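Novice: So that we are looking at the same thing, I have put the structure below in structure tokens.
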């Protein structure tokens, strides 16, 4: 029987409209209709061109120090730590002020904020140009970052609101082109300014301006130019309508119509606009907008929209889930990101020490020593086939485990799967230390990663069911935000744990994953749209939606894991140290951390589909920029932006897909996403195996940039951009979430979506740490075997080759391309992890999410501990590693599933 969607407080009241005194009977138009009526022409082109100085300003602010260091290091007595601080302090400022500016954008207006931001930024850049001391420069760069972040998203929002839905799709693409142009202009500017020595004394020689000071002064030009342009441009008509200034908005539309069509303003067909200030005024979760409100009212109303998340009954629940996810992702992403380096180290270590066989600790020792070879020749070893096979095995096992968790979701409670997967993951993480052979290491790592992904996806599933639509992505983003913090901390401390001893990395990460599975999560009442989504059934439409998770999951997996495979090949080209690798593994998560809450907030306010399109297309362009890296600094900066952008798609994809399914199927969505993410973990080493089979050197722009070479790892990164573009194009074709449409009052559109799903279905009218270290570990084992005649296996000796005290310090940097065993081991790990995930699905329904979460986290931790006592058998190491990863995925997905049940739709 047909289902009538319940009317909500968000429904648009067409009666409240501004009427022209001569056309009192004209129907009021909404924003989209008014924009379409104004056409697309000269006015829009000018608006798009106004983004150019804004884009230049942002990129100059974050990148200029990279060109200043070589010139200013003597003037400021900069050491490597000083340079690292100067590179990161701008982003620290951006992170601290990110939410502040995002809130002000919707409260005070786009144009007013853009004017303030770019004027202040220009002044701060000028102040930076007067730098004479390191401390002064750090302070001004921090303040510069604090200010510049306000213009990053506001420019796109402002420009989008002058365009129709069709043209809005292209605005982020154009912004990306402008950023590309800025990346070309900045080095050219440095080439010109740094061509000769400059010394200009000022204020009785108190200030001495050198060439790098002049360079910084010049980079302030785009900021002042952007400020000037936004002073002559009008306020966004969309914002004017939101605050009840419909007459002012109508004047803007008429001006656009006149410039675009060359006709008189009086010929503009729209005579009245709907009163959007009345939308959501009765929303119990906030979101009320008062016409002609004061700044104080604007701040109060902005807080009301997200306020319920920070008060009972949601406060305790959100604290629980972010704590659980912190532990899960700290273990998952630390191991996952360092796994390729670990396999490479094992491969290289066995090549040098064939008589000792598998030696996990020796491999870790080698990792910590990479990039510290002094004045020795840097040599790239291309013989790493086994390294990639090991990672393929890990990814395959993780997929099998995730698939195995599907039936468990129907038989066990989500809490049970969450707890069980988390505990098993933690145990396997600890047991990796006791691995005695590569197979055992792969197995434990696979189980650890697989279980953590299961736990994470179950946790997301809980969040989706728990929170209301208007705050659903915000709650998921907060959960993932703290997961990114854990990932960043894990990757930063892992090198220090390795240098402290072989056991500490696995013991720490395993215990963190297993110990975070204790909190109890309560369940929440189903959402109002449940009757409608139940009536459409489950069929081909739902299968198609689930399949659309593949490119987005691949994009996420590639974004966070690609560098683990790049390190062994690029470490000589980029002179990477162990700390450099740790920074590159964690900087993506720093970017995710910086944008976590903002992306969730935007998804819940602007819509799932729109944000996903922007995110994945922008992510694809940033990955392409990353592929042109020639230096560690450039690579670090681009990877940060990649994380900043990519983070927005993860929570949105999970929320979007879940909102097309009933409560029965929603818990499985995060598990499917986990399977696809692990599928990406299989494809990635396969791609590495193909691309890294031989050395590639392609010279580009030699006449302009001198020596600019694309190597095999550049090509590899370039290919990882494909899933992002595929995901962006796919979501252009899909409809908006029906739940979100109902929440904002678009019930007719939601009903059309339900009917479309019904017709298609009936035929009638969305772990990381250990997994990322595995390739490096298996590579170290592989290399060690080649140098040890008896083929024995010693996990700890292998790990020791990755630490700074290893004898490898006196050897030539070598990249081994013959690592077939490494890839096989990773495939075994991934396959076992997938099996664990598959078996966790019926367990969730039988035992409950809490039991499975606790059990899997405990088992994961135990597996890591046992590895340290059985480090002489490679089979044991692979098995326990796979179990650790698998249990980690189970716990992670159980936790996500619990979040979905825990929060109402608006906070989910």
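A Cβ is built for glycine as well, from the same backbone N, Cα and C atoms used for every other residue.
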Novice: Can you dig out which of the ranges 416-434, 473-491, 492-510, 511-529 TrEMBL describes as transmembrane segment?
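Specialist: The listed stretch tagged transmembrane segment in TrEMBL is 416-434.
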Novice: If TrEMBL is the reference, give me the range from 20-44, 45-69 marked as transmembrane segment.
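Specialist: So the range that TrEMBL calls transmembrane segment is 45-69.
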Novice: Where, among 113-130, 214-233, 543-567, 671-692, 851-870, do we find the most CB pairs under 8 A to the transmembrane segment (440-464)?
Specialist: 851-870
Novice: Cβ pairs under 8 Å only, please: of the recorded stretches 113-130, 214-233, 671-692, which one is richest in them relative to the transmembrane segment (543-567)?
Specialist: 671-692
Novice: At a C-beta cut-off of under 8 Å, are there same-chain residues at least 6 beyond the transmembrane segment (214-233) that contact it? List them, or none.
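Specialist: Distant Cβ neighbours of the transmembrane segment (214-233) are 47, 50, 53-54, 56-57, 60-61, 64, 67-68, 71, 111, 114-115, 118-119, 121-122, 125-126, 128-129, 131, 151, 186, 189-190, 193-194, 198, 200.
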Novice: Are there residues at least 6 beyond the ends of the transmembrane segment (113-130) whose Cβ is under 8 Å from a Cβ of it, and what are they?
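Specialist: Same-chain contacts beyond the flanks: 54, 57, 60-61, 101, 104-105, 137, 140-141, 143-144, 147-148, 150-151, 154-155, 158, 207, 209, 213-214, 216-217, 219-220, 223-224, 226-227, 230-231.
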